[in-house]
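J.: Annotated transmembrane segment per TrEMBL: B:6-29, B:87-108, B:120-142, B:176-195, B:207-225, B:245-263, B:275-296, B:392-412, B:424-441, B:447-466, B:496-518, B:621-641 (among others), in sequence order. Look at TrEMBL and you will find B:88-295 tagged as domain 'Cytochrome c assembly protein'. The domain 'Cytochrome c-type biogenesis protein CcmF C-terminal' annotation in TrEMBL covers B:314-640.
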Amino acid sequence: MSKKVKVIVAFVLFFGVVGTLVYTSISSAATFYMTVDELKGNEQQAMGKPVKISGEIVGDSVEFDSDEILLTFEIRGKDDPTFRVPIEYTGVKPDSMNDGWEAIVEGELTQDGTFIATEVLVKCPSKYEAMEEDGEEPPKDDPATEETSEGGN
Amino acid sequence: MGELGRYALLFAFAIVIYGIVANLIGIKTKNRRLIQSAKQSVLVLVALTTVASASLIYLLVTGNFDYEYVAQYSSTDMPLFYKVTSFWGGNAGSLLLWLWILSIYTTLVTWSKHKDSEIYLPWVSTFLLGIALFFVLVLNTIELPFAPNPKDMNEGNGLNPLLQNPGMAVHPVTLYLGYIGFAVPFAYGMAAIMLKKVDATWLKVTRRWTLVSWLFLSMGILYGSQWAYVELGWGGYWTWDPVENASFLPWLTGTAFLHSAIIQERKGMMKKWNISLVALTFLFTIFGTFLTRSGLLWSVHAFANGPIGAFFFGFIGVIIVGSLALISSRWSLLKAEGGFESAVSRESSFLINNLLLVVSAFTVFLGTVYPVLSEAVTGTKVMVGAPYFNRVNVPIYLALILMMGIGPMLAWKRSSFKELRKNLILPTMVAVIAFLLLAALGVDHWLAILSMSSALFVFLTIVLEFSKAVQARMKATKEPAIRSFFMLFVKNRRRYGGYVAHLGVVFVVIGLTGASVFSLDEQQGLNVGDSINVGDYALEYNGLGASNTETKQITFAEFTVEKNGKVIGAIRPEKVNYTNGSQTTTEVSVINSISEDLYVVLNGFEEKTGRAIIQVKVFPLINWVWFGGYLVIFGSLLSLWPERMRRKREIPRLKMETVRNG
């Protein structure tokens, strides 16, 4: 075999391996992403596969059971605030579960419409710029959704 | 002050255009006076951007809420330090910082002197000013740092409490210093192409710039992970978040460039590759700024949306088309001066290293933009998470690490298998024994075993390399061992500094393997008096406590920690409420040791009963990651350190070496 052929074979092998690796990993690590508004009407499609959904937190709905370490809350659509998805998450309550803040949940939608989340992320506005552009005030502390931290010893 | 800044930016726009035009006409007509004038315009530019930045900082510090930017990111109750750092809290300020740093770099470069500098610099300065033009345009049209506040406000919003952390305050600046630094080798590369000077001059002149930029980028990444580890409250240090990837991409291609530049310098090979690589790296730095500033992809970093995305998109397009056109127009000139003589040589090991790094960058890029790609193609957004990145990249990095051990052992041109065998037999045997031992000990994670034994292999090759060099030097100079070791760094900083950086990477690899594969994680609700056992640790819960300062209310839970039955101290993870803000933050409590971190998070508590929900994690070897990171920085600093001292003492010797290197 000439040197050139050897080099070409090595390259083909290398890129073949990497390509296969990329291809198989992408298909197995893929998560569909949609907003709550996009989910509305497409629930059947979204069931039974890993999905990420983003929506606004409904402040009044946030409940945390500290014995079970179970967090339940709802997220609503931006276009249609009446459309809500109930979320169940076994795990820690993120710090900033404020009304109107955007949450991104990863998990699976069950038949009864409840979303069982494996991960909850509250998008921290690095600034309140986007909201101000919409003419809204930056969110203020909602006492119903935060633990108070006075008292103690 | 705000008006001053606004006008400074406006004039900066004019002066950038003047500088570019003066340079171009000056080059074309060979008019020295015009070129000199363009050179002076760079000084004006740096003065103007300094005035603009200073006035924004002044407004932020004095809390002048008549300006929108100040009202958004500053507040009267923040410490002075964070008032200053809120400079880069938002889009407009970050871009101003970009422009400021770029104009400082441009001045340093334009007023420097080196071989052929009078031919190179007008072009280099033109390209750098061209980049500045984009930023100054954006700052005068869509992202205005000095926009008046439409509302009447007496108090600002203040910087996000999460960003009020010394590390996080400095992290963006280090990253930017690195990002922007790559503009310099890029401008030189393009200038070399314009001038049809395709030798290694541009690489030699910019070697320090490249290394410094790479160093800042590495520091930025390191600080970012350390910050995420302690501050985000769940012990994540790397999550393949789009914004993290944005800083990692230029780091990968920059690392490749640092290595492949050596081949062009020494052998006159890989010219096309180097020029393309530097363009790609610069492109990634702009892409990174674009990602963080445009909101194209969501991430925990969540930045604002806006028309700025379109601007960046256009700019990236211009760079791609421009550099492709330039490079292809000189394609035939960029021929290598020689070919690869053997598959087993230093040259080919650099080639493999480059291939691996660039392929890794490509897969990371693909994963990062996959949501956008899939939406464009299929209409649904599909994201790929950490499993994709890990599965694809861990094998690539393992190969890279092995190359890091083998590569430096190979001779230039061709290496004999016999010699290679002699050099590698000991490290290989020890690594194999370690592999078998770990497997026999019941470690059932084969990738972890592989990565640990590869790291050991590289560690041994580096130690051997040092010991061989020390022995050779002792023989030649009759110096004692310690002095010989020290002199290695005096004589050949670049090479031995590089080995120290490699050693740092070895520690990072060991640390990452330990912390990712062998970490423990327990979560439990505890009543006062209860205890929890995790690994070797037992934590007994003593109850809640509180302490309040002017700006925050802190609640903590106290635990007595025992390790293997011995009390080693108390630990107090906290929840902090900011009195002015809307956020609660979690302050974790960590007990560090060389072997592992005990990492405790207070997830929630009930005031009435005193019940606390905590998460206890153990991260083995995590401190090796930080140590390794700092070792990489130290090694790069070693290779960067100027060699002037030596020049004075050993002039004849130096001359000889320059000839050899050139």
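Any Cβ shown, glycine's included, is placed from N, Cα and C.
No curator has checked TrEMBL annotations; they are predicted automatically.
Keep in mind that this is a model prediction, so the values were computed, not measured.
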J.: Taking a Cβ cut-off under 8 Å, which residues six or more beyond the ends of the transmembrane segment (B:207-225) line up next to it in the same chain?
T.: 109, 167, 170-172, 174-182, 184-185, 237-238, 244, 247-248, 250-251, 254-255, 257-258, 261, 265, 625-626, 629-630, 632-633, 636-637, 639-640
J.: Same chain, outside the transmembrane segment (B:245-263) by at least 6, Cβ under 8 Å from its Cβ: which residues?
T.: 175, 178-179, 182, 185, 200, 203, 207, 210-211, 213-214, 217-218, 220-221, 224, 269-270, 273-274, 277-278, 280-282, 284-285, 287-289, 291-292, 347, 350-351, 353-354, 357-358, 360-361, 364-365, 367-368
J.: Give the nonlocal contacts of the transmembrane segment (B:621-641) in its own chain as ranges (CB under 8 Å, at least six residues past its ends).
T.: 208, 211-212, 214-215, 218-219, 222, 225-226, 229, 237, 489, 493-515, 518, 592-597
J.: Would you say the transmembrane segment (B:176-195) and the transmembrane segment (B:275-296) are touching, if the rule is that at least three C-beta pairs must lie under 8 angstroms and be 6 or more residues apart?
T.: yes
J.: Are there residues at least 6 beyond the ends of the transmembrane segment (B:392-412) whose Cβ is under 8 Å from a Cβ of it, and what are they?
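T.: That would be 266-267, 344-347, 349-350, 352-353, 356-357, 359-360, 363-364, 367, 419-420, 423-424, 427, 447, 450-451, 454-455, 457-458, 460-462, 465, 499, 502, 505-506, 509.
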J.: Are there residues at least six beyond either end of the transmembrane segment (B:496-518) with Cβ under 8 Å to its Cβ atoms? List them, or say none.
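T.: Tertiary neighbours of the transmembrane segment (B:496-518) are 237, 397, 401, 404, 408, 445, 447-448, 451-452, 454-455, 458-459, 462, 465-466, 469, 488-489, 596, 619-641.
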J.: Which one of these stretches, B:6-29, B:120-142, B:424-441, B:447-466, has the most C-beta pairs shorter than 8 Å to the transmembrane segment (B:87-108)?
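T.: It is B:120-142 that shares the most Cβ pairs under 8 Å with the transmembrane segment (B:87-108).
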J.: What residues in the same chain, six or more past the boundaries of the transmembrane segment (B:120-142), come closer than 8 Å to it by Cβ-Cβ distance?
T.: 9-10, 12-13, 16-17, 19-20, 23-24, 26-27, 35, 38-39, 42, 45, 92, 95-96, 98-99, 102-103, 105-106, 109-110, 112, 114, 183-184, 186-188, 190-192, 194-195, 197, 201-202, 205, 306-308, 311, 315
J.: Where else in the chain does the transmembrane segment (B:6-29) make close Cβ contacts, counting only residues six or more beyond its ends and a cut-off under 8 Å?
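T.: Contacts with the transmembrane segment (B:6-29): 35, 37-38, 41-42, 44-45, 48-49, 51-52, 55, 96, 99, 103, 122-123, 125-126, 129-130, 132-133, 136-137, 139-140, 144-146.
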J.: In this predicted model, what is the average pLDDT of the domain 'Cytochrome c assembly protein' (B:88-295)?
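T.: Across the residues of the domain 'Cytochrome c assembly protein' (B:88-295) the model's pLDDT averages 90 on the 0 to 100 scale.
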